[in-house]
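In what follows, a structure is listed as structure tokens, so that the remarks can point back to it.
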């Protein structure tokens, strides 16, 4: 059969009843891991979509439809009627005529729980920059932006502005890792001079000296505070629901985070570009300078900056990496993908689920009855 032959050549085609899907370009991105999809290549995944171990959401089923390539001939389970251009049909095997007649009476329908994303009839024109279009969606924006698609997004007409809005994952490390190393050295050597005291602006008699040996702990405190800041920004800024009547707030939301939810696997938009990031980072450094002694504030800041780098690198990996099953990152990848496809109002932790617990936004574990 043709499907089996193409799978033997390395493709990953699956069936959902008589509909055929080519998942070859998606296998490494699947939260269950590449091997899980490879093992199911050439088979019917209808039952697997309903679980256990995971019941796929309406968005996941809609996502699957983007890889549709053909339908099976009535009565045959391995030969698609039409496939992608360039695929050669193989000789058919004999089939039961009664089975053909019975199958012909069964209409081929897409899963009723999902709708395909038709870019020709979508609410926006994908041939033009999206940033200035989304504000006109009004009350339809929230539903539209949380129906993910597998296609790149263009935001601006200007090529220069568009380039500033895209960033390769390694740029974050190249730009900010040297800053962390340099500021760490500055902080440690400054603390080694023994001139830094806590509460010295209020009292000299009861001020507390901050020794150089405290630097690692202050650094870790900065990383811990970043994890809280990461959660708060993601939940209350990135996931604010802009008023349907406010064109500018909808546009701002799409610029900040909506674009990522619409196209979660656009590799050039998974990390924060250095230019706008430097403005945000400078803002938080200024706040620390106001609240803490200069060197102490710098030590906390550099730990937070390190936490940010880890967060951005981890975020990219959770989308494009293929962690080993059973590892911490494997569970975190599945958790984050659930946030994108089903639980947009929970699961705001990215580098850790820690803050989802006290704030009661933890994505619940799936349960299945014994009959399931």
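A Cβ is built for glycine as well, from the same backbone N, Cα and C atoms used for every other residue.
Within the set 147-167, 168-188, 189-209, the record from TrEMBL flags 168-188 under the feature transmembrane segment. Range 270-292 is the one annotated as transmembrane segment, of 270-292, 339-361 (source: TrEMBL). Of the candidate ranges 213-233, 234-254, TrEMBL annotates residues 213-233 with the feature transmembrane segment. Taking the Cβ of residue 257 (Zn(2+) binding site) as centre and 10 Å as the limit, one finds 17 other Cβ atoms among all the protein chains shown. Residue 257 (Zn(2+) binding site) sits 22 Å from residue 30 (heme binding site), taking the C-alpha atoms as the reference points. Around residue 56 (heme binding site), the same-chain residues at least 6 positions away in sequence with a Cβ under 8 Å from its Cβ are 49, 50. Across the structure, residue 319 (Zn(2+) binding site) and residue 30 (heme binding site) place their CA atoms 9 angstrom apart. When each of 168-188, 270-292, 298-318 is checked for Cβ pairs under 8 Å to the transmembrane segment (213-233), 298-318 comes out on top. DSSP states for the domain 'Cytochrome b5 heme-binding' (1-73), grouped as helix (H, G, I), strand (E, B) and coil, give 28 helix, 14 strand, 31 coil.
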